[in-house]
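Quick look at what Swiss-Prot annotates:
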BINDING   THR49, CYS50, ASN51, ARG52, SER109, GLU114, GLN115, GLN116, GLN120  substrate binding site
ACT_SITE  CYS50  active site, nucleophile
SITE      HIS99  site 'Important for activity'
BINDING   GLY189, ALA190, GLY191, SER192, MET193, GLY194  NADP(+) binding site
Amino acid sequence: MSVLLFGVSHRSAPVSVLEQLSTDESDQAKIIAEVLRSSLVTEAMVLSTCNRVEIYAVVEAFHGGLSVIGQVLSDHSGMSLQDLTKYAYVRYAEAAVEHLFAVASGLDSAVVGEQQVLGQVRRAYASAESNHTVGRTLHELSQRALAVGKRVHSETGIDRAGASVVSVALDVAEKKVGPLAGRSAVVVGAGSMGALAATQLARAGIERIHVVNRSLPRGKRLAENIRGYGIAAEAYPFDHLPPLLTDADIVVSCTGAVRPVVSLADVHRGLAHVREPKDLVICDLGMPRDVDAAVAGLPGVFVIDMDRILREPTAKTATSDADAARSIVATEVANYLAGQRVAEVTPTVTALRQRAADVVEAELLRLDNRLPGLDSSHRDEVANTVRRVVDKLLHAPTVRVKQLASAPGGDSYAEALRELFELDQHAVDAVAGSELGAVSGDELAAPAIDLDLTE
């Protein structure tokens with residue numbers, strides 16, 4: 001078994017396609033449940049953000065697992081399998097590990113170096129764990145990816161240039177209406193993105209923030225946090241949105257809803273009471289879109305959506321920081337894979353030692369039968385001597401096979417041990433199933449590919 005990644009992101013598809021593939025927690029649970037119905041898939045989790053949808057799965061066979069995942073995503077999105085594969089990328093085994101480490105480090109983000117994706121990876125894993133859809137392989141992979149992401153951000157300067165999507169949107173807004181200091185804002189959505197938007201607005205010197213959220217208590221908690229920055233803030237339910245737009249200079253919407261929450265009628269009603277003509281900037285960070293597409297056609301309204309953000313020149317990361325981050329990822333990938341290969345040979349080594357112990361015990365029993373009058377102290381000395389001899393004979397080859405197994409292709413040494421000592425594969429598998437350190441994963445050198453589900 002090995003890890004298979006099937007994904008679509010801002011690098012491979014336009015926003016319209018990402019919208020079709022966008023998922024909420026309920027969708028993700030259904031997708032994973034459908035994927036796991038196949039005997040070819042044993043573990044799975046979904047990483048879904050505003051600019052990517054990726055399924056990580058442990059599969060019994062590459063092509064079979066790929067077909068299962070592709071068909072499930074095709075059914076979910078309403079896209080034909082043929083159309084979906086035009087925008088999909090596939091990574092397998094080592095390439096899948098490298099990709100997740102790069103994603104967690106912010107190297108694959110729309111804005112390189114942003115830290116928000118690290119939290120998104122953490123939530124994807126936590127959700128899968130709570131639904132019991134990850135086992136040992138994805139557990140260890142996810143935990144290592146999170147550790148790698150933290151290391152990259154702590155040891156390099158990549159996050160200094162890695163502004164969030166919110167920061168890029170606000171930069172575009174300032175180009176349109178000038179500095180945000182002293183202005184009034186509306187934040188639609190009080191989740192993690194809404195909180196990030198409020199923080200960025202506070203840093204920009206905004207004077208007042210109105211929070212609009214379906215759950216008023218959650219909106220009030222965010223408003224209270226905003227007031228901690230010394231900024232006036234109140235929370236409102238959704239039906240208060242139109243009048244709040246009347247005095248607003250900028251709106252940031254990021255609810256994660258499956259359909260638009262800011263309608264053309266809402267904006268019409270809000271602007272109808274504006275005393276003096278002014279520009280209203282609406283940053284639509286939802287995926288799918290939070291704002292009705294028709295709103296962009298209103299005079300004086302400037303909509304910044306994900307399409308626009310992804311076309312913007314992103315914050316430039318210093319070459320040295322990016323190179324340092326990639327170097328860390330490469331080192332961590334190599335260490336992780338070496339550890340997995342050693343973990344795979346460990347059950348064979350354990351089975352060999354158990355086989356040797358069984359032989360020793362059988363011979364001691366034979367000794368007891370042949371020399372029933374043997375003094376117990378002499379018998380113990382013989383037993384200890386035999387065990388020491390066996391341990392010394394096995395020490396060098398078992399240590400060496402673990403060292404050799406850490407290199408690519410090292411599984412051949414475990415196979416040689418099994419062959420030379422006639423170790424039953426069922427016995428090895430039984431040991432593997434009982435050891436917490438064992439990992440399922442046949443790290444085959446399969447290529448990273450960017451489509452082909454149709455062969």
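Here the Cβ of each residue, glycine as well, is placed from N, Cα and C on the backbone.
Keep in mind that this is a model prediction, so the values were computed, not measured.
Location within the structure of each feature annotated in Swiss-Prot.
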| residue | record | Cβ neighbours (10 Å) |
| --- | --- | --- |
| THR49 | substrate binding site | 24 |
| ASN51 | substrate binding site | 21 |
| HIS99 | site 'Important for activity' | 25 |
| SER109 | substrate binding site | 26 |
| GLN120 | substrate binding site | 18 |
| GLY189 | NADP(+) binding site | 26 |
| ALA190 | NADP(+) binding site | 27 |
| GLY191 | NADP(+) binding site | 15 |
| SER192 | NADP(+) binding site | 14 |
| GLY194 | NADP(+) binding site | 25 |
Cβ-Cβ neighbours of CYS50 (active site, nucleophile) (radius 10 Å):
22
Find the shortest Cα-Cα separation between SER192 (NADP(+) binding site) and the recorded positions THR49, CYS50, HIS99, GLN120, and name the residue that gives it.
GLN120
So MET193 (NADP(+) binding site), by the Cβ count within 10 Å over all chains shown, scores 24
For HIS99 (site 'Important for activity') and SER109 (substrate binding site), determine the Cα separation and express it in whole Å.
11
An 8 Å radius from the center of the GLY189, ALA190, GLY191, SER192, MET193, GLY194 Cβ atoms defines the neighbourhood of the NADP(+) site; name the other residues of that chain inside it, in order.
VAL187, ALA195, LEU196, ALA197, ASN213, LEU222, CYS254, THR255, GLY256
Nearest to ASN51 (substrate binding site) by C-alpha distance, among the binding-site residues GLY189, ALA190, GLY191, MET193, GLY194, is MET193
